[in-house]
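Let me begin by presenting the structure, written as structure tokens, before commenting on it.
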């Protein structure tokens with residue numbers, strides 16, 4: 001029986017730099033996204049050299065990381081360096097990994113919108129599923145199996161039609177979308193590389209995490225933006241889908257710390273990262289409006305339900321069936337006991353504080369740039 005090669009005691013310590021300092025070089029896919037930008041900030045503060053893979057687009061898509069350039073006006077790089085690449089192109093991944101020789105890889109790049117994955121099912125599978133395999137294979141091709149640690153952004157959408165409440169690392173998966181199914185393949189191929197090649201590879205099963213940097217087509221950010229516009233008189237009403245969907249919402253800033261902690265653990269293990277608290281979309285709406293001094297009262301049922309302002313009588317929220325998913329995920333609640341015990345991690349930002357931060361940030365943004 002063939003034996004797996006021995007794993008380095010610390011992949012981070014490989015290739016010591018000057019004066020015997022450990023070489024801390026991170027490669028982040030999805031660096032321009034919400035999580036990627038917070039993770040880049042976090043790692044730069046820890047003294048890492050950070051490399052990010054960005055897709056080429058006709059307009060700059062680096063808004064969330066502009067401030068991390070040495071000279072943001074001239075896009076002059078300091079300890080953060082960007083490389084054009086794509087998870088659908090294995091050649092470029094091999095080239096970048098061979099050039100950078102990272103000690104830690106964080107695979108955050110994905111088509112991450114669940115509803116859109118029903119329209120872009122094949123693309124989602126290619127990027128989120130096979131893209132993860134391409135990245136892992138690139139590590140193997142470059143001979144870095146024993147000197148790199150690999151973090152895979154897994155998701156609570158793996159649980160989908162939940163088999164137990166709350167969901168933990170041992171809960172059976174039942175994805176309910178092309179996104180969830182693609183991420184399920186990614187989850188298992190990471191486990192396979194860990195077991196077959198002794199790669200230090202982990203899955204972070206992250207429950208919903210939000211921030212002012214959340215993409216505008218995600219429900220929480222759609223709510224905070226719309227509420228800000230209503231407060232500023234730029235909008236009167238907006239539409240949502242399933243108001244009673246319940247989620248475990250945390251702050252992205254807390255969750256990127258958990259990603260890093262997983263790679264500092266002695267052994268590669270998968271972890272659920274969550275708050276353990278559940279709130280509905282309806283509740284997110286109500287709390288958002290309270291932050292601009294409005295009380296929402298609900299009238300009607302199902303697609304005819306509306307949210308009316310108690311103070312003015314104006315309808316600010318309606319329901320539109322087009323925002324429902326073909327197969328809904330009604331309830332997600334994570335149990336992060338393992339992360340608390342083994343990583344000493346816990347969420348810091350409470351739900352109320354998260355909602356307040358998002359609404360206030362969007363009020364400032366919409367005040368200066370209504371079309372942002």
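Cβ atoms are placed via backbone N, Cα and C, with glycine included.
Feature annotations, reproduced from Swiss-Prot:
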REGION    1-20  region 'Disordered'
ACT_SITE  155  active site
ACT_SITE  157  active site, nucleophile
ACT_SITE  179  active site, nucleophile
MOD_RES   323  phosphotyrosine
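Mapped onto this structure are the features recorded in Swiss-Prot.
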{"residue": "155", "record": "active site", "DSSP class": "strand"}
{"residue": "179", "record": "active site, nucleophile", "DSSP class": "helix"}
{"residue": "323", "record": "phosphotyrosine", "DSSP class": "helix"}
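With the fewest other C-beta atoms within 10 Å around its C-beta, 323 stands out among the recorded positions 179, 323.
Residues near residue 157 (active site, nucleophile) in space but far in sequence (CB under 8 A, at least 6 apart, same chain), listed by position: 114, 175, 176, 177, 179, 180, 183, 329. Reported as a whole number, the C-alpha separation between the residue listed as 'phosphotyrosine' and residue 155 (active site) equals 21 Å.
A simple way to gauge crowding: the CB of the residue listed as 'active site' has 27 other CB atoms within 10 angstroms, across all the protein chains here.
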